[in-house]
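Pulled from Swiss-Prot:
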type	residues	note
REGION	1-432	region 'tRNA pseudouridine synthase'
DOMAIN	99-168	domain 'S4 RNA-binding'
ACT_SITE	211	active site
DOMAIN	433-552	domain 'CMP/dCMP-type deaminase'
REGION	433-591	region 'DRAP deaminase'
BINDING	482, 515, 525	Zn(2+) binding site
């Protein structure tokens, strides 16, 4: 078994290395040709930022076409677009050549029923090279198809798009769940690129893609230079990616690797699955998982994809038997049965049929949110265009517990040896929610500290799964002890034979950032955490330590460099700081 596992790993590494080398060759060729093509491209039609425009994106004066006016309504958790008219233009794609126009519309544009396209084309409302088409029209290479439609866009979340970083070339954002990256299918103005264009007043171009339901870090280019710089790094695998997921059940402690290939089963219902490399359209894939915490029902899991296949993380988690708990595709018991597709299936025909009904006759469901309201057909049509009308999306449509948390360059600064760049978002609320009760417990512990003129008051809680192992607060034990120190001592006194001080998978909650230096010469709390030999794998803090404690506290970098997850839970900063300064002169001003 070990030999076969090693062979599979070697096969994956060989395939990945070939992919990386190919991407690097493309990057070098692009760089070499950039100056050569500068004069050649000067005659190309471009937008204000220098991006080339396709012919169908321009008007007769070779300037960028403007979008039609549209009205946005914020309705509680939903961002809605009022129906509007839009003229859709596209040139014949290679796969459309020598096919009937009506057949192409039916197979490619699935947001309408076949009868709608037949009727629309028969009435002469679709044009081919500016001439009305009919049901017998055949599409040829170079043909321009024009179709004016009355569009009904599905609502998306009304959560704002937060900007993480911006310079003259790139924009880094925290993408909310439920919003497509760019215009596609039924979506145009309820997309990231169009929303940002409306918000910023200029166009941006995606450097990486996130699925519609996935939230988190996205890179968008403001200039062609930014697009090349970031896009080439992504393709050449010069970037590490870290996602956060909330999955069903108690995920194992330790590192879990999955290197099963992935394939598309049915793009119409967005179904993908694990497979063998011998299967048609199989693509090598590998994801590394590590548990962050377990709350008795679900686990927070750190996910590091080494490849970027569609639904890779979701499919690999399902394969392990720990699907994302609110995943409407891969965690729906009515579709997959009690095992939820663990280990993969031999045949997916029944799954495809059931998924095809989602959003039509049945709303989306998931393991954590069964029988919830969601989008489905209302059974009535628009009076203007006869399009089928839908209900508003629900919980399973608007949020997926999968978040792109951190992207980091693999290249290092030659002087500091730190990554050339590193971006992260705030931790998503759905990943923090199970931990708030323990942080509130730590705050109560901090409140037990007596007032002092110079020392600081902190509370700490050690948790394993749902079991509270020990609590502590500053100076609870003799010797100018810190809260984390007290909790660890109290647990070790009750369990003197534990080889790692606390059980593997223990989580520490502390109201203040653990200290990395003790003026008293006592062992810093950061070092005490590392002394557990990985048993404490995650630290949640209420507030980062201010410089008035110890300047340049390096706990965050030190713990993360040793593989410890370090996460702040927002909402407790003021309370934790007020308690910390209890008894100090002018404590209110310091807080």
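Placed from the backbone N, Cα and C atoms, the Cβ positions cover glycine too.
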Worksheet item: Hey, for the Zn(2+) site built from 482, 515, 525, who else sits with CB inside 8 A of the CB center?
Response: 458, 483, 484, 485, 514, 518, 524, 526, 528
Worksheet item: Per DSSP, what is the residue count of the domain 'S4 RNA-binding' (99-168) in each of helix, strand and coil?
Response: 17 helix, 22 strand, 31 coil
Item to complete: Pull the DSSP breakdown for the domain 'CMP/dCMP-type deaminase' (433-552) and write it out as helix, strand, coil residue counts.
Response: 33 helix, 28 strand, 59 coil
Worksheet, complete the sentence: For residue 211 (active site) and residue 515 (Zn(2+) binding site), the CA-to-CA distance in whole Å is 39
Worksheet item: For residue 211 (active site), what is the tally of other C-beta atoms lying within 10 angstroms of its C-beta?
Response: 16
Discussion item. At a 10 Å cut-off from the C-beta of residue 482 (Zn(2+) binding site), count the other C-beta atoms across all protein chains.
Written reply: 29
Worksheet item: So what pLDDT does the region 'DRAP deaminase' (433-591) average out to?
Response: 89
Practice prompt. Give me the non-local Cβ neighbours of residue 525 (Zn(2+) binding site): same chain, 6+ apart in sequence, Cβ-Cβ under 8 Å, ordered along the sequence.
Written response: 482, 484, 485, 510, 514, 515, 555
